[in-house]
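This report refers to the structure that appears directly beneath it.
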Amino acid sequence: MPPKKKSDLAISVEEGMEVDATDSGSEDEARRRSRNRRVKPQRKVKCVSDDDEDEEEDEAPRKRGRKKRAKPQDSDEDDEEDKRSVKNKGSKAPRSRAAKVEREDDSEDERETKKKAGKAVPKKEKEEKNLEKKGNVKGKEEKEKDAEKNKKKKKGKLSSSSSDSSSSDSAEESLSEGEIEALKEQVEEKKQLIATLRNKPWRMKRRLLMLKEAQDFVEKFEGALGKGKGRKFYAFKVMMTKKLIKFKRDFENFKTACIPWERKIKEVESHFGSSVASYFIFLRWMYTLNLVLFGFQFGLVVLPEIMMGLPYGSIPRKTVPREEQATAMDLSVLLDFGGYSQYSFLFYGYYNNEKMIGLLKFRLPLSYLLVGIGIFGYSLMVVIKSMARNANEGGDGSDEGDFIFSWKMFTSWDYLIGNPETADNKYASITTSFKESIVDEQENQKDENIHLRRFLRVLANFLILWCLGGSGYLIYFVVKRGQMFAQMNKEDLTWFQKNEVEFVMSLLGLVCPPLFETIAELEDYHPRIALKWQLGRIFALFLGNLYTFLFALFDDVNEKLQNEKLIKNATEWALQEYQANYTAYFNTTAVPPQVVNPADVIRGPCWETAVGIEFMKLTVSDIQVAYLMILIGDFGRAVLVRFLNYCWCWDLEAGFPSYAEFAISDNVLGLVFNQGMIWMGAFYAPGLVGLNILRLLSSMYYQSWAVMACNIPHERVFKASRSNNFYMGLLLLVLFLSLLPVVYTIMTMSPSFDCGPFSGQDKMYNVVMDTINQDLPSFISNIFSYATNPGVIMPAVLLMVLAIYYLNSVSKGYQQANKDLKKKMQIARDEEKNRRNNKDSTNQVMKDLEDLLPNKSLIPPPAEEEEETPIDVVVSKGKKSLKTKQGAKQDGVNLERDVSLAAPNPRAPVTHGPRPRERPPVNTRGPLPGPGRGRGRGGPPR
Amino acid sequence: MGNKQTIFTDEQLDAYQDCTFFTRKEILRLHGRYHELAPHLVPMDYTNDPECKIPPALIVNMPELKENPFRNRIVESFSEDGQGNLSFNEFVDMFSVLSETAPRELKAIYAFKIYDYNVDNYLCKEDLEKTLNKLTKEELTPEEVELVCEKTIEEADLDGDNKLSFADFENMITRAPDFLSTFHIRI
């Protein structure tokens, strides 16, 4: 409703006007006022005027009421409000008392002492005036409520403070328990309003005003609430809440300031749409996840070993063997993670099996195992949590198809787009999608078309399966060959033969995705669906590669285990020999330990470190390939296209090579699989997580640069609709798949006898068992042994299965209920709509909506137009004063103004049923109550 | 008086934070943007609520809005006079509603207003036609436009009055999967 703004204005007008009124009212009044001014000159201007009004308004309405009777409804309202407040709140305070207090108030001349008592009055006054003036202002209910409250408050206040001034002993008695409760309730209500104010569809001015009122209210009555016993405590509580809110807000500000790359992503988003941005958001999420993992790994494993463990060169596992020492510092060796890096904290083998290290008696082996498992646990938890959150946010996409055109019409434009090129693409894609839907709607698709399409889709899938099988076989072949090469002497092999497996895998990763994409053209899916297919296919490819790689690795490991056994036996035999010889030679049983340089000790192959190195290498080659691809495939191509275009026979930019698009699917999957590798390798190479952090960090900058510099937006821009959860689903799958081999090795393989934190143990998890058995109270180990009993585990598993079944059926039931409720809501809404057709709208939202209609009276009339600046900027200083004058003039004839303010928007067509509101503004004369008044009286809708 | 000029008092900033979905920093940035639009009109000092408005022509040229087919409607919907002159309050209001954290209900109300071209609180056929033509740059034939508008009304209109009231619109938009992700502008 237009008058909304007016009412705000009206208040300020009112204030100015009041002064006039009272000035003319009585000299006595004026004198008193001036005295008041003298009394508190140090207050701020606003406060002064407020306070002034306190006093005068205290008096003024009554006087005016008595003398002029200019506002009869004023006192009427008073009465009404009183009654209602009494009735509504059920407060015991009788009206007569309030009246008496007021009379007392009148007669007494010690107003200065009754700050509080007075304060409530002008507020009420204002509210009431607002009420009168606003007519059918929408938010009237609230105002009225406020007024009511203030009224009530005032009464309470008045009574309490007046009795304070006269007899302070009766303070408690005057504020009954019920009143305090009610007051508290109101304060809470106000606080609630403050908290939810930002969700209200009001104009900012009104919001600010409401906020101020609510805050003033809270401020005023909060302190005074706790009269009597709990006062101090209450004041303290209030203060603390305030502090807490402040702190929370600061913290929130701090938190948003801490989210990295917000602007970078925003930039990408506005150029390339939300689908590309979703990749970067995913990347950022991954980065934070890895930071946490790195924190665990580094803080609980790496740092303790470095700080408290034995230094390099003290024991064999921390020393480079003699025969390797010559080349140990070569860069090529270091880059292959041989030499010094192999015997560093980056890998499993470096860690000592000493049970407790350092002053803190840190149990490193135990911590190593728990961190290894904990990384998986934490990742699982985080992934599932964010998946659940995404699913919640996604709402119910169940009834798709109900609103095809409506959704296209109202939600297809991505308001984030700020780039002309993207916008053009978006226009095009919206047009196409509309056309597609129109075609679907007309259902004039030819049958042969469908058959052809089906055939093509089947063909495409066939081709892709063939590709997958081929790549699987290729990897298998290469791995077998690699094992063959491994038997041969290392010096005889070429560089290619040594790195064949990695090379072929990277090559497949490069060639296959574009191939799939080309094949997918046949299918002609919507790009969003195509993206999912593409993701699924590349996923299958990578998975095949990864698992082939893993199986090859396991073969390797088994071989190493055999080898290790031999070496172990050999060393033991050598030790026995040495002892026997020593005994025989010196004829003593006290054999001093053999003194051998740690570099010369015979050692096993340490398969864990080997596995760690493999993962490390794979990750590094992955990074290299990815970065090179961006450099060549995107940047190189862009440079070529850009500069060769000047001297080429066709248009390179628009024609064949063009610029590259950002390949979302490749990048997402690359990220997901890289993460899988990290999860798998982190147990054997604690340094891997650190490496990954560096990778993600650099990739964030590198890729966002590359995408802005060398890529063009997709031809068919599409939204990333909940695909974030799709990414998460992939991640979860990969997490699970990478969990399997690690847990398998931990549970079944026996660790190397001479390296790593578990050396000397039969199985890695024995560390936990030992700790439980030896270092914890015996009853815990008892409990544990009972719990691990098959007799307990089987029922537990059964129970879990049952629980899953139960929860599943419950959730199904809820879904059903949900659906039914939705249907019911729909029906109810329909009914309500039909009923409402002839009636006034009762919906608060509708009222707010009407309230938000442009205020026609604010449009500068043509006459005013001339005064204004040529650029049509409304500098409303002058206007305001004008309004004020008008307001002052119209003071006596309040009603007319009231009604004219309430006049409906003249340009708005008649859209409602016949209602009093529709009356043209011409005949709104006389004391006809504005139609809004009647409605507003109804109280807020519950 | 430091050398850094105060734009808002702390109370004002707090009030704005209470009334919008912005943090302190963002509000200051918004003021910066607002000031940038018309440096000679907008004062740097907002501590005493100066009243000044920026005409729609300037606001619509912000990079965030420039490409939006509904930019004029957005600005008009948020202006109090319906002409698109925005005071700073309204300016903040606009971006607050369009911010990522604003709730669906609030966004729905303003989306309705934006698509309501003739400001009658109903989306009638001509509103839809205008919307559609803006969306597709008038690439569709009149018959297609007709069909799409009819279909839209048919889908969303619950009470059969051949136009969409807010209830219809809300019912439809709250189920749209993309509404929240698309109806926001980052500033």
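Yeah, the Cβs are placed from backbone N, Cα and C, and that goes for glycine too.
Model, not experiment: these values are computed from the prediction.
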In TrEMBL, which of A:285-310, A:649-674 is labelled transmembrane segment? A:285-310
Are there residues at least six beyond either end of the transmembrane segment (A:285-310) with Cβ under 8 Å to its Cβ atoms? List them, or say none. 318, 345, 350-352, 354, 357-360, 362, 364, 367-368, 370-371, 374-375, 378-379, 382, 386, 671, 675, 678, 682, 686-687, 689-690, 692-693, 696-697, 700
Counting only residues at least 6 beyond its ends, the same-chain positions whose CB falls under 8 A of a CB in the transmembrane segment (A:676-694) are 287, 290-291, 293-294, 297-298, 301-302, 344-348, 372, 375-376, 379, 546, 550, 608-609, 611-616, 618-620, 622, 734-735, 737-739, 741-742, 746
Annotated stretches the transmembrane segment (A:366-384) and the transmembrane segment (A:726-747) touching (3 or more Cβ pairs under 8 Å): yes
Per the Cβ filter (under 8 Å) with a sequence gap of at least 6 from its ends, the transmembrane segment (A:783-807) is approached by 772
